[in-house]
Structures are given as C-alpha cells and as structure tokens.
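Undergrad: Would you mind keeping the following structure in view while I ask a few things?
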Amino acid sequence: MTIAARTSVMLPGTDTTVLDLAPPSLWLALGSIAFNPTFWNIVARREHRTHWLTRLFGGAYAGCYALAFTIFTLGLLRDYLYAVALDDQPVLDFGLAGTVGGALCLAVGNVLVLSSMWRLGVTGTYLGDYFGILMNERVTAFPFNTMENPMYNGSTLCFLGTALWKGSPAGILISVYVYIVYLLALAYEGPFTAAIYAKRDKERRAKKE
C-alpha cells in the first residue's frame, strides 16, 4: 500500500478519492472550526467570573464589542481556511443537484445567520449576557420561531452549501464535523447561559416581593 493510499479515503466500491488527508490545509481548517467556539466560551466564562474584559476596555459594552470583533475576525479566518482546504481536496461533479442544492443551502443559511444577528444585535449575538448585558425577554420572532438555534444551523448550512457548490465531498464531511462541533458548544454554553437568565429572573421576582 502506498503512502497516497493510506492518506486517502475512497468512495466505497470505487477508486474515487473523496477525502485527501495529506494536505495541511485540511487540518488547519478542522482546527480552526474547533478552536473558535472553544475560544469564545472560555474567554466569555472568564469574563463572567472576573470581568477582566470589562476592566481592560473600561466598560461592559466596550469589552463585549472587543470580543465581538475578535470572534468575527476569527470567523473570517475560519472561512478562509475552509475555502483553501476545499481547493486542496478532490472534486466530483454533483451536476445540477449540487449547484441548486448549494445555492439553496447558502441562501437559507445566510438568511438564518443574518436575521439572527439582526434580532439579537451585537451584544445578543456576541455573548453580551456574559458581560451582564441581558436581553429584556426571550426573542421569539423569525428565525427563532422556526428553530432553537438558527445561527448555528445557518452557519452549518453555509458550510454545506459551499461544499455542494464546489462539488467537494470532503466539504460535506467537514460540514458534518461543523455540526458536531456546534452541538458540543451548545451543550457547554446552553445551560450556562440559561443559568445567567434564571438568576436574573429570580432577582427580579425577589425585588417584587
């Protein structure tokens, strides 16, 4: 068996390569995808405990905007690394289904992401609740009336849409990986965020009594 064979994943029953494990760009992309939610959860939890970003930037809003800029920039880097990784991977002809499916996934994904950001605002999108910047009430308008986590789902669809558009089977596999990473991130941050709002609601009820 050659080194090339050992570092490639073939389509079952064929000699068609669908994933090349050799290019460093693949591992950089995978690392970036996993790093981003890990980074923002660790940094935000430390802020919630110690208010270090609030002190560093002279206020909760300034600290939150600084974190937002950092997360946004890391997201751009992640998307760039993903695009580079797909360029280094095998390409298959998905035909019209790939083109149409990719376009639909990109369209729906971007609508979900952008409408979520519009509803939440900068502080709602970028972990303002960890800075003590809490929303007055739960957002229930579109797209939050259609699913529980529209931003993460929309982001996953954008990854998948890019993969279909480019005819990249590796991109489809990476999109599954993205979805799993987001599920793990939600399992970590969801209960913590819920606890923040539960504490706020408890304090509100105590003041009314």
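Note that Cβ sites are derived from N, Cα and C of the backbone, with glycine treated the same way.
Caution: TrEMBL annotation is automatic and unverified by curators.
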Undergrad: Same side of the membrane for Gly13 and Ile196, as recorded in TrEMBL?
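TA: Result: no, Gly13 and Ile196 do not share a side in TrEMBL.
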Undergrad: So, by DSSP, how many helix, strand and coil residues make up the topological domain 'Lumenal' (124-166)?
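TA: The breakdown for the topological domain 'Lumenal' (124-166) reads 23 helix, 0 strand, 20 coil.
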Undergrad: Are there 3 or more C-beta pairs under 8 Å linking the transmembrane segment (176-198) with the transmembrane segment (56-74), counting only pairs at least 6 apart in sequence?
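TA: Judged by the Cβ rule, the two regions do not touch, with the required three close pairs absent.
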Undergrad: In the same chain, which residue numbers or ranges, 6 or more beyond the ends of the topological domain 'Lumenal' (124-166), come under 8 angstroms Cβ to Cβ?
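TA: Residues 40, 44-45, 47-48, 51, 53-54, 60-61, 63-65, 67-68, 71-72, 82-83, 86, 91, 94, 98-99, 101-113, 115-117, 172, 174-175, 178-179, 182, 185-186, 193, 196-197, 200 contact the topological domain 'Lumenal' (124-166) from elsewhere in the chain.
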